[in-house]
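Report on the structure given below.
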Amino acid sequence: MNNISLNTSDLTSDSMTLLLQFSLWPIRIICPLLIILCPVANWICISTFQSRIYHRSSSKWYFIFIAIFDTIYVLITAPLIFLITFEIYILNWNIILCKLIVFLNYLSCQISAGLLACLSIDRLIATTCLYLYRYNCTTNISKYVCILVILILSLINSHYLIGYTIDQNGYCSARYYKWYENIYSHLNIVYLLSYSIIPFTIITICNVFIVISVYQNKANMKRKYLLKKPILSLNNQNDQTIINSSPYCLPTTLDRKEDTIMNNNNKFQQASNQNKRQVFVTMNENETVNKLIDADNECRTERYNRFSQNLLLDGEELVSPIETPPKRQNSSISAVFRKRSSTSTTYSQKMCVQVQITLSLLAISISFIFCTLPNCISTIMIQTYNQNEQVRKFWQAMNYFSIVPLLITHSVNLIFYYLSSHMFRTRVKENYFKKTRLTSHFSLRSLFKS
């Protein structure tokens, strides 16, 4: 029986060592790729969030600082773990490397998690309390919040700069100072709280309320649009009827007045001719009669001119109330309609920007939770089963497997932004793809010219 138990223990130990060795290969393959990919992807994120379209968004500084500290975390952790798989321990080379690498490793991941939690709170305020967000969540305030989070977490993690050092055996360890060794287990609890438990709780609660509020806002906007749609259609119909009817009123009235003037002119000419025929006499017989007739004709012409002027004035007075008020009314209606349409379009654009930023947050927060949680669980299990070697090897292998998604989630936020936000996608295309096309086009043109 003792031999059987020894054989089974040997088999389990061999299987655990094989599992532990197999868990090293994903790290050896992924880490070199992420060392190249992470700085490029996060630099694209930083330059895109610094563009004009995100100029007034309070969330841009959270995204920018998250990209900066994600890059720091990957550039420190990925080479370190990659070299550990080949049993190269750079932490043991120098006391400065020991303190600085440990400090930056813990600090950068905690800052990324803390800023993501602050971003979730910012998005929750933006989607639920617009009045509070408009006056209290500005770009300057978000910048100050980011700086405050960085300073607080730097002070919390400053103990790594004091406690970690090279021990007598030449290893970078936290056991050189007895007082630090005694409190180190409690400091690990602080690390787990600041990196996993508190950010996970804040992000999860905020994301649940964000999804509910976004769904409610979308339903309210759809309801308001359906209510305003018949009113806008009636305003358009009234504008078209006024515009179509106003050009026809003026010519008809003018034509009528011109017809009356022409008829009066013809009647006056016929009457003057008849009078001339009736009182026609010879010049030699009676010159006084001709003078009287001419005087009569002059009086009649003056009366006719006055009459025609009065008709023209009456026509203008009648035309003016038809001509001028519709133009004023038309311009006022069109101005009101333009104002309503412009305000509605600007409000819809702002809401579209807020929704797309919220979708970007949801994408990276969900990936952060699902990719970081396995590493936290495996780390806790390694410390729990530290005395049992076989169980510790199993959780050590799980920890190595969990490092790969942990590094990926700090490296590929660009992909989540690109897929979740149309605004971010168009800005990246304008900044990078068009520039590459133009440069290739000019290079080909220069080659053909040469």
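Using the three backbone atoms N, Cα and C, a Cβ is placed for every residue, glycine included.
What TrEMBL lists as domain 'G-protein coupled receptors family 1 profile' is 41-417. Residues annotated as transmembrane segment in TrEMBL: 25-49, 61-91, 145-166, 189-215, 359-385, 397-419.
Here the transmembrane segment (61-91) has long-range neighbours at 24, 27-28, 31-32, 34-35, 38-39, 42-43, 45-46, 49-50, 97-98, 101-102, 104-105, 108-109, 111-112, 115-116, 118-119, 122, 139, 142-143, 146, 150, 171-172, 360, 364, 403, 407, 410-411, 413, meaning same-chain residues at least 6 beyond its ends whose C-beta is under 8 angstroms from one of its own.
The largest share of C-beta pairs under 8 angstroms with the transmembrane segment (189-215) comes from 359-385, of the ranges 25-49, 145-166, 359-385, 397-419. Averaged across the domain 'G-protein coupled receptors family 1 profile' (41-417), pLDDT for the predicted model comes to 75.
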